[in-house]
Amino acid sequence: MANYFNTLNLRQQLAQLGKCRFMGRDEFADGASYLQGKKVVIVGCGAQGLNQGLNMRDSGLDISYALRKEAIAEKRASWRKATENGFKVGTYEELIPQADLVVNLTPDKQHSDVVRSVQPLMKDGAALGYSHGFNIVEVGEQIRKDITVVMVAPKCPGTEVREEYKRGFGVPTLIAVHPENDPKGEGMAIAKAWAAATGGHRAGVLESSFVAEVKSDLMGEQTILCGMLQAGSLLCFDKLVAEGTDPAYAEKLIQFGWETITEALKQGGITLMMDRLSNPAKLRAYALSEQLKEIMAPLFQKHMDDIISGEFSSGMMADWANDDKKLLTWREETGKTAFETAPQFEGKIGEQEYFDKGVLMIAMVKAGVELAFETMVDSGIIEESAYYESLHELPLIANTIARKRLYEMNVVISDTAEYGNYLFSYACVPLLKPFMAELQPGDLGSAIPEGAVDNAQLRDVNDAIRSHAIEQVGKKLRGYMKDMKRIAVAG
């Protein structure tokens, strides 16, 4: 099969990359009613599959799970999760023929096999749903022309999708209709109802395209969301230990530092994160971030180029065909790094200490977020999409590192994200080693002393931070989420 994106002409490619519209609340006035009374069958019961299903059932929809015969016979984890939560479970042959909407929430590498199994069983005029468009865009899966193909992509892990719903809210969500598969013109109605059923309409929904979702998602997860955090963790730990820091303290400063730093990012963007620093430290973090951006820009651009061209996907799919040899080797090597095997620190590190002693880490976050955003926008992706795939998701990924270091991050993210993470981090670590060798006291592991600063310089730095495009669009989107949360709680 041909990569779908590469079959489009340039005008079509740019149009799909640039498709992004923030949808109004009034567009979801009907909630999930379009799907009520219809049969929704979810294939796969992982984190997204289970939690989306729970939300959709609580929204009044008829939800069941189609699993492989062997998963049912052997009572695998997917079968246990579905049955323990009171869902009807059956084989593909038992459930798919009656389904009005089949939602494929299996891992990317299983999509082709799943779609080839369920397509012949789907009734005429049914709909097929995805939460990530890799199978359509990168694999180029051909879907029967009578089938409507839609996407609802929550911009959070499945557990977060459920927790926010239970609080009466939701998570930001992208929705799309595949232009090659909307025979009855009902794709948008299906996608809107599905998004409303998961609670996404309460946090903000972007009408996007399969292409824009895939290309921006791949770029974000490879660079700032996973690759930069992994490279930064390994580099910072080794630097601290080489300069005499207790390995246990160094490990904790990094493991929990990312989460603490990005919590400020979540609440107030790069501006608030930088405002947590003293004035001298802020100036230094800004200078370091500018150096990092200059060094890393070609690497970010290479990843974006390889994503756009399909080079990344073809390489990863070749590894799938080779039993994940590269992926499993990189995973094993990561598990043996000094950071992953360091002892745990039993003492306490105060919240402000993470900022004061993590100036370099803050610079890495700032540089990575801005570079990912800028590179996506330069490639034709709209700012709102670029924001959600860079700054917005970073605190969620940082939280996984706080749980069980890089191991947990790589377990939680998809195999696609993990593969891209390793590609980036394996290139980034040697790239930044000369930069790490030139660091000054106070950049990492110790605080920069208070001292006089040049007012004009501080003014210019503050202006530069606040005027960046990601801060402008981020302020708007975070404000919308706060407004929606207040409305949801009041309701």
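Each residue's number is its place along the chain shown, starting with 1.
Placed from the backbone N, Cα and C atoms, the Cβ positions cover glycine too.
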Considering the Mg(2+) 2 binding residues E389, E393 given in Swiss-Prot, which of D146, D182, D217, D238 is annotated for that site as well?
D217
Listed in Swiss-Prot for the NADP(+) site shared with C45, G46, A47, Q48, R68, R76, S78, D108, K109, Q110, one of G158, G168, G170:
G158
Fill in the CA-CA distance, H132 (active site) to S78 (NADP(+) binding site), as an integer in Å.
20
Give me the CA-CA distance between E221 (Mg(2+) 1 binding site) and G158 (NADP(+) binding site), in Å, as a whole number.
16
Can you check which residue among the binding-site residues C45, A47 has the largest number of Cβ atoms within 10 Å of its own?
C45
Cα-to-Cα gap, D217 (Mg(2+) 1 binding site) vs A47 (NADP(+) binding site), nearest whole Å:
18
Could you give me the DSSP helix, strand and coil counts for the domain 'KARI C-terminal knotted 1' (209-344)?
117 helix, 0 strand, 19 coil
